[in-house]
Amino acid sequence: MLIEPKMIGSSEGQALLESLLNRFQIGDSGCQSAVEDILTAVRQEGDAAVVKYCRRFDCPDMTASALAVTAAEIAAAYELVDAAFLETLAAAIERIHSFHEREMEDSWMQTREDGTIVGRLVRPVDSAGLYVPGGTGGSTPLVSSVLMNGIPAGIAGVTTRVMVTPPGKDGKISPHLLVAATEIGITEIYKAGSAWGIAALAYGTATIPRVDVIVGPGNQFVTEAKRLVSGMVRIDMIAGPSEVLIVADETADPVYIAADMLAQAEHDPQALSILLTTDRQVAEAVPAEIERQLKTLSRAEIAEKSIVDRAVILVVADIEEAIGLANDIAIEHLELMIVDPWAQVPHIRHAGAIFLGSHTPEAAGDYFAGPNHVLPTMGTARFASALGVETFLKKSSIISYSQTALQNDAEHIQRLANLEGLTAHANSVAVRVK
């Protein structure tokens, strides 16, 4: 048996729960020094450094003049994708766009009785960079990453949207990625992967423009690079391994549960798959079903390692306990396979995305339902949210006083300024109300 169910009240169950509650980790991933060197090289050498690293790790024949994807390459990409893909792409774009356009925020103003005007001005950032992983050398293009990161930026009104992605050894990028980017209005695409791609977006080179926001998933080098440049640019988040928590009662189908745990496990050997169930029979049926389905998967080796090392099945007393534990764990993806999932929604406080009912696999949210699939991991759902339109917006406060309004507030402003020992602040009011 790849995974053995535990009772939540047992010592083993409590130990597993403790590890889940303390899974947040930020430390040296083992590549910090190497990434720092890459960032320094790109900052100082620009395109030359990007080309150097690209030649070393991706395309041996890369040149600076070939970093930017050309119109001819885009046109060729359209010849290489089929009509079925274009149909699915259009449908996914419509779903994702329809959801995210509801997130757009408006500027607002408030005029008080004394004539003071205060408000908030909402504006998009000028530029955003999307990092899209190569996807097993381009053989498994991550089209969903293009859509989930690029569409919200477009809705926000970002003028300059650029994409970087590693080329294959032949210097080419997956036609599916090129078409997806083009269909959502991204016209600047560059062949730059890993930490040097992030560095180029953060610092700018002669070819690749510097941006204000960097979003997109990647390996430990990409994640470390984003962490190191955050502060000088906004990043979406520091993402850990992907994770799912399934709450199931006696009505849940072990086949569905196993399928969804494996869907998570095939991402990464470090992916986390958790089942909290009120039913012992369900808990005992799932491991056998996992083993049966595992044999059919293309990424069986990765999924099996993830299940063996990282999967957890805990039997709990009731749904209330399961929801309480789910809130404590603050999972990225929360699935409710129970009789009345909607009844529990008011009790859920911490989850990146919530999937209600047995016919709502996480995969629907990953690709097509509409909500964003870039979600907080490692327990950060306690305070963080999914990537969205807001990721690409910034807000400025508006304040306008009339002479009468300032006269009315002057005493209060000066009193607080003097209390803090900032007499120049107080004086800046006093000289206006003499």
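Here, residue 1 is simply the first one shown, and the rest follow in order.
Yeah, the Cβs are placed from backbone N, Cα and C, and that goes for glycine too.
With Ser242, Gln264, His267, His333, Glu420, His425 listed by Swiss-Prot as binding substrate, the candidate from Asp212, Asp309, Asp318, Asp366 annotated for that site turns out to be Asp366. The recorded positions in question are Glu332, Asp366, Glu420, and the one with the fewest Cβ neighbours inside 10 Å is Glu420.
His425 (substrate binding site) carries a helical DSSP state (H, G or I).
For the recorded site, Ser242 (substrate binding site), the DSSP three-state label reads coil.
Counting only same-chain residues six or more apart in sequence, the Cβ atoms lying under 8 angstroms from the Cβ of His333 (active site, proton acceptor) belong to Ser242, Glu243, Val244, Leu245, Gln264, Ala351, Gly352, Ala353, Phe355, Glu362, Gly365, Leu375.
Straight-line distance linking the Cα atoms of Asp366 (substrate binding site) and Glu332 (active site, proton acceptor), rounded to a whole number, equals 12 Å.
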